[in-house]
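Chemist: Below: one structure in structure tokens.
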């Protein structure tokens, strides 16, 4: 079994761990981002992240926090493959020599290209995930009811064909290009800083987790406004925003102001470290198992593997 395949499998395990740990935070984020503006005299649907968790669990049960998880879980391995491929192509296009070390800007360029590639795979899963996440128990009168991921695909296709399934592509590009650029450049920069100088640079597990966690924060720090617009566009009724993300932006700024573009900030930041820690734990454990059982040659340790910036 080739080392490329082994690293792909390990990456898939790491990505799955990320989804499982991070999805409840993501559900809270999406619900806060998409909650309707309260009418004069009315209280908001959720007063914050903790209130969203309490209300969701009390009304729908604990596993409501995992609504829509199937789509990112199924897509995480191919997403890793596309992301790694995009990074490799981005680096190859800029290198004059295979051993050339990439600069901060070059890594950002490679990450940006990878963000374009992953969007193609990511959009349908994001659309399905968001629609299931905002669907609440006892809300049959609020719109279309979905019984699961396949039912979402079937109903979206019936409503508007493939274009409905891929709604939010532009918004996802607006989110993932700068986010992936920030993630890869910060991760590679911190990896070099933490591993020291010399030919035998090594990175401890703790430093690896720190680099991944800080890179995750950098990733989300630059893309939350675009993520808010994407979530609203992908969960809106058919035909509400005929001019796409521009219509969402105008409505948000007109009705709620610029601060609304940062809704869901704390759930996103709170999930950055545990989600990345879970990713590296799954990655390391799988690679260690391959080495223990003598499978393949020498699969690349996680210090050389770049985890995905977006688990879902």
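Glycine too: its Cβ is placed from the backbone N, Cα and C atoms.
Quick paste from Swiss-Prot:
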REPEAT    2-93  repeat 'Solcar 1'
TRANSMEM  5-25  transmembrane segment
TRANSMEM  69-89  transmembrane segment
REPEAT    102-193  repeat 'Solcar 2'
TRANSMEM  104-124  transmembrane segment
TRANSMEM  172-192  transmembrane segment
REPEAT    203-289  repeat 'Solcar 3'
TRANSMEM  209-229  transmembrane segment
TRANSMEM  261-282  transmembrane segment
Chemist: Same chain, outside the transmembrane segment (209-229) by at least 6, Cβ under 8 Å from its Cβ: which residues?
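Modeler: Those are 29, 33, 171, 174-176, 178-180, 182-184, 186-187, 190-191, 194, 203, 245, 248-249, 252, 260-265, 268-269, 272-273, 275-277, 279-280, 307, 309-310, in sequence order.
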Chemist: Please list the DSSP helix, strand and coil residue counts for the repeat 'Solcar 3' (203-289).
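Modeler: The repeat 'Solcar 3' (203-289) comes out at 70 helix, 0 strand, 17 coil.
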Chemist: Compute the average pLDDT of the predicted model within the repeat 'Solcar 1' (2-93).
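Modeler: Its mean pLDDT is 88.
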